[in-house]
Structures are given as structure tokens and as C-alpha cells.
Amino acid sequence: MDRISSPKKTKEIVQKYEFKFSKSLGQNFLIDQNILDNIVDGANVSEGDCIIEVGPGIGSLTQNIAERADSVLAVEIDKTLIPILKETLGAYPNVEVINEDVLKLDLHKLIEEKFPGRNVKVIANLPYYVTTPIIMKFLEEKVPVKSLTIMIQKEVADRMQAGPGTKDYGALSIAVQYYSNPKILLKVPPSVFIPQPKVESTVIRLDILDTPKVSVEREDLFFSLVKDAFGKRRKTLLNALSTGDLKLEKSLLREVLAASNIDENRRGETLTIEEYGVLANNLAKKL
């Protein structure tokens with residue numbers, strides 16, 4: 001197959017179609033074959049897999065995925081890329097391209113229509129401005145996929161896998177780790193993209209858990225607690241939770257924190273996901 005991942009080939013395609021990179025869509029195309037191979041390796045793509053690729057660009061990564069997977073559904077928001085993808089992926093009968101915004105799709109319905117009962121994985125080179133909304137859509141909607149392998153800004157990847165007591169630990173860390181096991185696969189320098197982004201990138205794989213990391217009575221309460229606790233990082237738990245969106249009374253908080261064996265003077269950034277689970281469940285009994 002005619003690979004398009006070299007700088008020369010990519011520039012030829014961009015010039016042929018007079019393609020204009022969109023800053024608002026955060027478009028950067030990969031031009032390093034080793035990185036592309038490493039992404040597909042890291043995603044553990046095998047013959048029986050069905051892959052949803054978000055943001056195929058001109059199809060460089062798509063080609064590599066298609067050579068290993070059973071079938072690929074590429075979701076591209078930019079309609080000006082569709083004719084380019086028809087050319088670059090024309091030799092791959094196992095690839096279907098749809099011009100859609102993944103954030104507006106009913107992903108359960110899509111998978112039921114395209115890949116019923118199949119092993120589905122997601123691979124994406126995401127624009128940095130929509131990284132978190134897209135990832136959380138797959139996680140919160142409990143879309144039936146095995147894993148998400150995503151290229152994102154290094155700082156966001158660091159936050160996703162951070163643990164208690166570290167500067168990167170926050171609400172995003174807990175949200176991602178509630179639904180999945182995150183694993184950083186490789187660092188990607190700006191030099192392997194056209195045009196070069198101003199930030200370093202990281203490829204991270206989120207292996208979706210069969211059941212959430214902790215068992216909670218009310219997920220909404222669990223995540224509201226986490227949000228309030230990290231909303232005022234420098235405050236003690238007692239003060240952060242009593243002045244957050246939940247507007248909890250200090251007397252109730254003292255009772256629930258004591259029952260959870262958590263010191264009221266600790267900060268939210270020191271609690272494990274398990275401790276947040278215990279706290280949320282004890283609070284649920286009182287509300």
C-alpha cells in the first residue's frame with residue numbers, strides 16, 4: 001500500500017487539495033512512521049478488532065490501523081478532508097469514513113449498527129481543545145469499547161494518571177481512573193507533526209474497567225464531592241465541601257468525615273479514589 005506518512009507525501013496531498021489547516025479544529029498531521037507504528041502497537045490492535053478512529057486527518061494513522069484491524073470506522077468533523085480521505089483510503093475496503101462530530105453522535109447506536117457484538121477499540125489523535133469532552137463522553141456514557149488509545153497534550157495525560165498528593169492529581173484523574181486503568185505509552189515531540197504544535201504530546205491508553213474502580217450508591221454525588229474538594233485545592237476538606245456547590249452543613253460534614261475515618265483538616269488532593277467512594281456512600285445515607 002502507498003503510505004502517506006512521510007513529510008513529502010503529506011505536503012503533496014495538502015498542496016494538491018489546497019487544504020488549509022484549521023486552527024479552530026487544532027489540526028496537526030503526523031509524519032513519522034515509527035510513531036504511527038508505536039500507536040497501533042500500543043493500542044494492541046489485532047485481526048479481530050473493530051476500531052473507531054476519531055479525527056483521521058488525511059488518513060496517515062488510519063492506513064496503519066486498517067492493515068491490522070478487521071474494520072475501521074473513521075469519524076471526521078472537517079468536511080474538506082472527506083475527499084482527501086476517499087483518495088488516501090481508497091485501497092482499504094475495510095475502512096468507512098463518516099463526516100460527523102463525535103460529540104453529537106449516539107455512540108451506543110453507532111456501535112450497535114456498525115459492530116454488533118464485536119470487540120471495539122477507540123484510537124484518536126485529538127485536538128487539544130476537545131480532549132476532555134470526547135474522552136468523558138466515551139467514559140460517562142459507558143460506551144461498550146475495550147480501550148481508548150489517544151494522543152493528547154502531555155500535561156493532560158499526566159493529570160489522567162496522577163495519584164494522590166501530586167501536583168497533577170485532580171478531578172480529571174479521579175474521573176478517568178473511576179472508569180479505566182490509564183497507561184502512558186509514549187511521548188511525542190512537536191517535530192513529528194505538520195504543522196508543529198506548540199506543546200508536547202503523549203499517547204495514553206485507557207483500558208476500560210468491567211465495573212468502576214469503586215462501588216458508589218450515587219455517581220452524581222461522588223463526582224460532585226470530588227469537584228467541590230478540588231475546586232478549592234488549598235482549603236481543608238471541611239471548608240472546601242461546606243462552601244462548594246453541594247452547600248453541605250459543617251455539622252453534617254464532620255459527622256460523615258468521622259464515619260469515613262477521614263480527618264476534616266486534610267485537603268482534597270490527599271484522598272484516594274477509594275476514600276472518596278467511602279465518603280460519598282456515607283454522605284448518601286444522610287441525604
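Cβ coordinates are placed from backbone N, Cα and C, and glycine is handled just like the others.
What Swiss-Prot records for Asn28, Leu30, Gly55, Glu76, Asp101, Asn125 is S-adenosyl-L-methionine binding site, and it gives sequence analysis as the kind of evidence.
Projection of Swiss-Prot feature records onto the structure.
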residue : record                               : Cβ within 10 Å
Asn28   : S-adenosyl-L-methionine binding site : 20
Leu30   : S-adenosyl-L-methionine binding site : 22
Gly55   : S-adenosyl-L-methionine binding site : 24
Glu76   : S-adenosyl-L-methionine binding site : 25
Asp101  : S-adenosyl-L-methionine binding site : 12
Asn125  : S-adenosyl-L-methionine binding site : 26
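Of all residue pairs in the S-adenosyl-L-methionine-binding list (Asn28, Leu30, Gly55, Glu76, Asp101, Asn125), the one with the greatest Cα separation is 21 Å apart. In three-state terms derived from DSSP, Leu30 (S-adenosyl-L-methionine binding site) belongs to an extended strand segment.
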